[in-house]
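**Student:** What follows is a structure written as structure tokens; I'll ask about it next.
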Amino acid sequence: MSQSAALRERFESAFMPNYGVPPVAIARGAGCVVWDADGRRYLDLIGGIAVSSLGHAHPALVEAVSHQVATLAHTSNLFLHEPEVLLAERLLGLLGQPARVFLANSGTEANEAALKLAIKYGKTHGKTYFVAAEMGFHGRTLGALSLTGKPSIRDQFGPFPIDVRFVPYGDADALKNAVTQDCAAVFLEPTQGEAGVVPPPDGYFRAAREICSATGALLVADEIQSAIGRTGHWFAHQAEGVVPDVLTLAKGLGGGLPIGACIGFGEAGTVFEKGDHGSTFGGNPVSCAAALAVLGTIERDGLLEHVKRAGRMLGDGIAAVDHPLLAGVRGRGLWLAIVLTAERSAQVQAAAQEAGFLVNALQPDAVRLAPPLVITDAEIESFLAALPGILEAANE
Ligand SMILES: *Cc1c(COP(=O)(O)O)cnc(C)c1O
């Protein structure tokens with residue numbers, strides 16, 4: 001039996017069945033390439049779900065994390081440390097707006113902070129309910145799950161202790177009707193990630209800003225997947241010319257180390273008072289050092305421009321493929337969905353793996369690509385050259 005197959009068997013016996021058994025046991029990586037436990041090489045076009053922004057084993061990340069873990073790994077929030085201060089200042093500088101930062105360990109925790117902040121804001125302003133989008137994804141812990149609009153992962157764990165009203169994503173009129181003076185906050189992704197990399201119609205996010213400003217609801221932008229260069233901008237909302245009241249970040253920020261952030265703009269930055277929220281590990285020095293290395297490398301290496309160009313090359317290249325299984329491509333930057341004419345994404349993922357490419361069957365008819373931001377032209381070309389064969393194998 002291969003090493004991978006043996007590990008998969010042991011995984012299946014030792015772990016709860018919530019993930020099923022993942023198809024590949026990854027042993028190591030370098031840049032955009034990973035090797036499995038049997039030494040098979042794959043081009044990683046999913047980057048640990050839009051997390052490994054700098055690819056694998058990037059020297060800047062290795063150096064920052066190694067140095068920090070050898071210096072100081074943890075303080076708790078009973079004490080402060082320079083990496084967290086530098087990171088918060090760096091994020092505020094990139095946002096260019098008066099704001100305050102809370103650091104967490106994951107996306108769902110960043111949204112839990114945003115939700116508690118919004119609940120407190122609602123209580124002080126007599127606002128009682130929340131609005132979120134159908135098929136939206138905000139996380140798996142109970143608060144974030146209550147905002148998540150995907151019935152298959154939500155319904156069996158309800159009822160939830162907060163009143164959330166769901167609207168169809170991208171429909172500004174429906175949003176306007178749902179947001180009254182009693183609405184405390186609207187939670188939206190600038191492009192829906194888990195729903196299938198679904199961008200809204202132009203102007204939707206600006207309309208959401210106007211609707212929230214008119215009633216005094218907080219606009220919470222969940223940029224856990226869309227930020228830190230993924231779309232070719234530091235933050236997707238910046239491309240829309242919109243400033244939210246609250247912003248949540250995670251995935252790409254730490255380049256693979258766990259970190260999340262909840263950022264409150266203006267008055268939303270001081271809703272929490274001393275004692276209102278906290279996290280033992282949140283903002284730990286090693287994750288902060290990793291995030292500083294990610295942000296520094298994106299800037300130093302001009303990766304935002306690279307993502308815009310490489311994303312066009314990848315997207316245009318996919319769109320140019322002529323195959324009956326291919327309906328088109330959607331998304332921005334290095335955050336794309338290959339849209340299929342039939343529900344065969346699992347077959348596409350398997351055929352891609354067979355051909356040496358890791359992609360993600362996100363929806364029955366959509367395959368997600370979210371490669372490291374450092375992917376090279378030659379790597380993109382190798383995938384584009386293989387794509388017709390992958391689609392052909394998946395269509396059989
Ligand atoms: C991944 C994701 C989350 C949850 O993040 P975790 O780190 O998995 O808890 C929340 N919102 C969006 C938009 C995401 O993509």
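Using N, Cα and C of the backbone, Cβ positions are placed for all residues, glycine too.
Heads up, here are the entries from TrEMBL:
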BINDING   G107, T108, F137, D222, E223, I224, Q225, T280  pyridoxal 5'-phosphate binding site
BINDING   R140, S279  N(2)-acetyl-L-ornithine binding site
MOD_RES   K251  N6-(pyridoxal phosphate)lysine
**Student:** Quick check: of the binding-site residues listed here (G107, T108, D222, T280), which one has the Cα closest to that of R140 (N(2)-acetyl-L-ornithine binding site)?
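**Tutor:** It is T108, whose Cα lies nearest.
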**Student:** When the Cβ positions of the binding-site residues E223, S279, T280 are compared with the atoms of ligand 1, which fall under 6 Å?
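**Tutor:** Near ligand 1: none of them.
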**Student:** Please report how many Å separate the Cα atom of F137 (pyridoxal 5'-phosphate binding site) from that of K251 (N6-(pyridoxal phosphate)lysine), as a whole number.
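**Tutor:** So the alpha carbons of F137 (pyridoxal 5'-phosphate binding site) and K251 (N6-(pyridoxal phosphate)lysine) sit roughly 13 Å from each other.
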**Student:** Which state, by DSSP, holds K251 (N6-(pyridoxal phosphate)lysine): helix, strand or coil?
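**Tutor:** The residue in question, K251 (N6-(pyridoxal phosphate)lysine), is helix (DSSP, three-state).
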**Student:** Output, ordered by sequence, the same-chain residues six or more apart from S279 (N(2)-acetyl-L-ornithine binding site) with a CB under 8 Å from its CB, or 'none'.
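**Tutor:** Residues satisfying the criterion: N77, L103, A104, N105, E109.
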**Student:** Looking only at R140, K251, the recorded positions on record, which one has the least crowded Cβ, with the fewest other Cβ atoms within 10 Å?
**Tutor:** R140
**Student:** Quick one, of the binding-site residues D222, Q225, which Cβ has the fewest other Cβ within 10 Å?
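**Tutor:** Fewest other Cβ atoms within 10 Å, among the binding-site residues D222, Q225, is found for Q225.
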**Student:** If I restrict to non-local contacts, at least six residues apart, and a C-beta distance under 8 angstroms, what lies near T108 (pyridoxal 5'-phosphate binding site) in its own chain?
**Tutor:** H138, G139, R140, T141, A144, G260
**Student:** I'd like the Cβ neighbour count for T280 (pyridoxal 5'-phosphate binding site), meaning other Cβ atoms within 10 Å of its Cβ, all protein chains included.
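**Tutor:** Other Cβ atoms found within 10 Å: 10.
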**Student:** For G107 (pyridoxal 5'-phosphate binding site), what residues in its own chain, 6 or more apart in sequence, show a Cβ-Cβ distance under 8 Å?
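**Tutor:** Expected: G139, A144, I224, Q225, T248, A250, K251, G260.
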**Student:** Other Cβ atoms within 10 Å is the metric here; tell me which of the binding-site residues F137, E223, I224 scores highest.
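**Tutor:** The largest 10 Å Cβ neighbour count belongs to E223.
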**Student:** State the three-class DSSP label for D222 (pyridoxal 5'-phosphate binding site), counting H, G and I as helix, E and B as strand, and everything else as coil.
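**Tutor:** It is in a strand.
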